[in-house]
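J.: Questions regarding the structure given below will be posed in turn.
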Amino acid sequence: MILPIVGYGDPVLRKVCEEITKDYINLEETIANMYETMYNACGVGLAAPQVGLPIRLFIVDADPFSDSDDISKEEAAALKGFKKTFINAKMLKEEGEEWSFSEGCLSIPDVREDVYRNPNITIEYYDENFNKKTEEYNGLIARVIQHEYDHIEGVLFTDKITVFKKQFIKKKLQNIMEGKARPDYRMKLVPKKR
C-alpha cells in the first residue's frame, strides 16, 4: 500500500525515534509499504518518520545510482542491487574528509542542496529478520544511509546547509508547510494551526 509522505514542518520529522522489537505490530507489512511508497515517489531511501511513524526504521535501495556516468565502475558495482532494511540503527563511526553532493528529500519536494558528509561509515543495525549486523560503507551508499539515519534522529538535510543557502530555499520550505507543494506522489500536509 502506498503511504502518504509526511511533508516538511510536521513535528514527527523532528523526533528522535524509538527503538522497536521484532514483535512490532505489522512490521513486515510496514516495511513492504515503505518500499512501495519509496518506489512510487522515485526515491532511493525512506525513513519511518517520513510516513508518520516515530520508530527507528529506514530502507535504502541505491540501485538507481548505479547507472550514473559520474561514478567509478567499482562504485557502480557496489550500488547495483544494493537494497537493505535498517532497524534500530546506531551510527558507530563517520570518518574521512567530508565531500559535497546534491541531496534531496521526499519530505522536502523540489529542494536540492549540496550537503557535506563523511565518505566512510560504520553502522550497527538489525535487518528485517532481526539479525544484528555491523557493516562498513563508503561513497554514495554511505551518503544515502547517513541521510536516512539522520531522519530517525530528527535531523533533515536542510539542517546541514549554510545559513546563506537556507535563505534561498526559505520560500520553498514555507510553501511545503502551507500545503502548496505539488509533488507527483502522495503527501500528508501539515495541519494548519487554528
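Including glycine, each Cβ sits where the backbone N, Cα and C put it.
Fair warning: this is a prediction, and the values are worked out from it, not measured in the lab.
According to Swiss-Prot, the protein carries these features:
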BINDING   Cys105, His147, His151  Fe cation binding site
ACT_SITE  Glu148  active site
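Tell me about the setting of these features in this model.
T.: Shown in sequence order, Leu13, Ala47, Ala48, Pro49, Gln50, Phe58 are the residues of the chain, 6+ apart in sequence, with a C-beta less than 8 angstroms from the C-beta of His151 (Fe cation binding site). The DSSP secondary structure for His151 (Fe cation binding site) is helix.
The local packing around Glu148 (active site), expressed as other Cβ atoms within 10 Å of its Cβ over all shown chains, amounts to 23.
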